[in-house]
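Here is what Swiss-Prot records for this protein:
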{"type": "TRANSIT", "residues": "1-50", "note": "transit peptide"}
{"type": "REGION", "residues": "20-42", "note": "region 'Disordered'"}
{"type": "BINDING", "residues": "59-60, 80-81, 87-95, 219, 251, 397-402", "note": "FAD binding site"}
{"type": "MOD_RES", "residues": "91", "note": "tele-8alpha-FAD histidine"}
{"type": "MOD_RES", "residues": "114", "note": "N6-acetyllysine"}
{"type": "MOD_RES", "residues": "148", "note": "N6-succinyllysine"}
{"type": "MOD_RES", "residues": "223", "note": "N6-acetyllysine"}
{"type": "MOD_RES", "residues": "317", "note": "N6-succinyllysine"}
{"type": "MOD_RES", "residues": "335", "note": "N6-acetyllysine"}
{"type": "MOD_RES", "residues": "360", "note": "N6-acetyllysine"}
{"type": "MOD_RES", "residues": "434", "note": "N6-succinyllysine"}
{"type": "MOD_RES", "residues": "434", "note": "N6-acetyllysine"}
{"type": "BINDING", "residues": "580, 581, 582, 676, 683, 684, 685, 744", "note": "(6S)-5,6,7,8-tetrahydrofolate binding site"}
{"type": "MOD_RES", "residues": "655", "note": "N6-succinyllysine"}
{"type": "MOD_RES", "residues": "655", "note": "N6-acetyllysine"}
{"type": "MOD_RES", "residues": "764", "note": "N6-acetyllysine"}
């Protein structure tokens, strides 16, 4: 077994030998060649006013200071309570990788690495950046599927990534035991960097461009002023800031509490081990690539002539620093470590010795056990915080070194230009809310840490901490009948099962046990009538004398007449799609706005911010948790609901997109004639406590019509056939509404100068480079999920955005962005799925006409086109 060395050098972190920089004067990083700056001292200078105050001197905070100052922002101040890198940065293993299983974070990783590659030349500071590449190991067939899945999601990105055979792996990592290795995922350019040196280089660059980095300068108080500025108090004095950015690492919770916020963060212990010199490693002619054994759940890299490896224990064995959760971080904690606990990671040590046998010859010369901070879903929180003006966060970084460079650039661009440079909704701090309790956060953080290296399936569900307090009124009635999905704290039915059907959660890269039940739900909606729980929708009430002016400023569509609803989009100043909502004009000057569950606070923050900036006299209320929503859809929907209300629901009286207040089974509801299925349907908004009674009444009334339930998976198949776009997939901050095919909802000729109007006019005048198209393809047992590569003539030319099996034509269906010249109906392309390219053809959309369109055609004597 691995022999413990003569001593465990706690607190001593062995660094790799730094690479030597080139002599000579570094080029300017300020964008102002030849302009000399006087030397700045972090200890002696002070400012009374600042444009931006960054709280926290770890790698992320210093990166933001660097990027803001480099971009030309004056009066950038960073306040650090002890010294730069104190906290989690100084003891990090320093891994860098282009890989990320998600889509948007690949851009963050890319920007980080590209910055780190040039930072030494720019600043004259050595950063110790090694780029030997990295290999992820597949030792099971399902891992090979996962790698194929990730390959197709990388083809349309700038990142280099290759699926390599065992022979190539052996050549690149000759010390590996190849008995179980089936394949590898190889990223050239991956590696590791010295976190301390990296931070000091960023600090040098920030100072050179005029930023003030002040330490030790602990923030003791934060006070918001009525004009949106902040008073920042420290022992050295106070400072007025136009905005503050919380980048305080594991101190972020304490900073948040100063202004009444409870950030969902949990400090966890993470260990890695450094070995003595290993002769076989020392004899190598080149540095080993970083190794990630996913089944063993550890990373391993070369550290001088030895090895460094760090495991991720299971959620049962991992260690949360509970005392910090309860009592806060000890005031003096900065560059300390925890006691090592090798017993906790022994199974991973054994796995590493089996995979890399030379480890058996080594001594342990160092065990590093330090704190890192986890959010519930392991992703950081980056951006402005809803409900608190000019308060931004960059917190919760479990992988701060690889995120720091890219996040600093991303956040700097957002602060300077008023909108995010690209879509990164998964990092939005407003994805959490009051439902995110400490108990939930700890349960999810444990799960996320323990699941670091599990297989990443599409449609993945994780079950720790569920359900939250946010369950709909129907949860107990439906939970035994369906597979629930988690949406912003809510439980929502994904698919329903019948007696005798497989009810287990069985994730797969191929069609799995929900495929047939979802097909039945699809037919139920298309042929009869079905009910779905839509309670997770975000719901806002807006009223006041300026409500119409505010909404006309926010939305690209016109404001609907009283008693009607429309689909409207909020755009960014550059004309990108920030959000999609339904807007119902309930009474003169009073509106009900509906958005998706995942964008509730994301959208609310934008609306509130614009209302304050413009000085609009409005009242905005978030009523998401007050209202339940039932969707009733299908050709028999009118017949069923008519039994329960005295209101005339006929087509001529209750028109498409009309909204009315009425009673259903004597229960007050706001009924909107709309359905994301594209079929005849209503959304029924009601008091949350009435959900069970309303549901029971509808189900009882629909017995003769064969009423049943349906979930979100069937909804997705239905909306794709109707060519309905989904926010976050077909449209987001990476797309404009013209290329997304949303022209109908954009009124460039309306009098109001809505946000993004002028930019959109310019986009239209210049012409589009790509378009969203709908395509069909015949596959084996796999369907598009979104973000797969589109091929044409041997090259990747675009990407899917979402997909499903079409139960009407029994083929796969997908939306995709392709170049304009390849966007014509009938154009043939290929879609890559699990390592195979399938022929696909662009079709005239929609595949299936919506119920209102079919009605209009029938009235004109046309045919019911499908």
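The backbone N, Cα and C atoms fix where each Cβ goes, glycine too.
Annotated features, which come from Swiss-Prot, shown on the structure.
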| residue | record | DSSP class |
| --- | --- | --- |
| 91 | tele-8alpha-FAD histidine | coil |
| 114 | N6-acetyllysine | helix |
| 317 | N6-succinyllysine | coil |
| 360 | N6-acetyllysine | helix |
| 400 | FAD binding site | helix |
| 580 | (6S)-5,6,7,8-tetrahydrofolate binding site | strand |
| 744 | (6S)-5,6,7,8-tetrahydrofolate binding site | helix |
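Across the modified residues listed here (91, 360, 655), the residue whose Cβ sits among the most other Cβ atoms within 10 Å is 91. Distance noted between the C-alpha atoms of residue 95 (FAD binding site) and residue 223 (N6-acetyllysine) is 37 Å. Rounded to a whole number, the distance between the Cα atoms of residue 92 (FAD binding site) and residue 317 (N6-succinyllysine) is 21 Å. Each of the binding-site residues 397, 744 was scored by the other Cβ atoms within 10 Å of its Cβ; the lowest score goes to 744. The most crowded of the binding-site residues listed here (95, 581) is 581, judged by how many other CB atoms sit within 10 Å of its own CB. Note on residue 434 (N6-succinyllysine): other Cβ atoms within 10 Å of its Cβ, all shown chains, come to 10. When the binding-site residues 400, 581, 582, 676, 683 are compared by Cα distance to residue 655 (N6-succinyllysine), the shortest distance belongs to 683. Cβ environment of residue 335 (N6-acetyllysine): 82, 83, 85, 86, 90, 91 lie under 8 Å away, each six or more residues apart in the same chain.
The Cα atom of residue 114 (N6-acetyllysine) lies nearest to that of 89, taking the recorded positions 89, 223, 581 as the candidates.
The local packing around residue 223 (N6-acetyllysine), expressed as other Cβ atoms within 10 Å of its Cβ over all shown chains, amounts to 12.
Reported as a whole number, the C-alpha separation between residue 684 ((6S)-5,6,7,8-tetrahydrofolate binding site) and residue 59 (FAD binding site) equals 49 Å. Listed in sequence order, 534, 629, 630, 631, 671, 672, 674, 675 are the same-chain residues at least 6 apart in sequence whose CB falls under 8 Å from the CB of residue 683 ((6S)-5,6,7,8-tetrahydrofolate binding site). Between the CA atoms of residue 582 ((6S)-5,6,7,8-tetrahydrofolate binding site) and residue 434 (N6-succinyllysine) there is a gap of 24 Å. When secondary structure is read from DSSP and collapsed to three states, residue 81 (FAD binding site) falls in the coil class.
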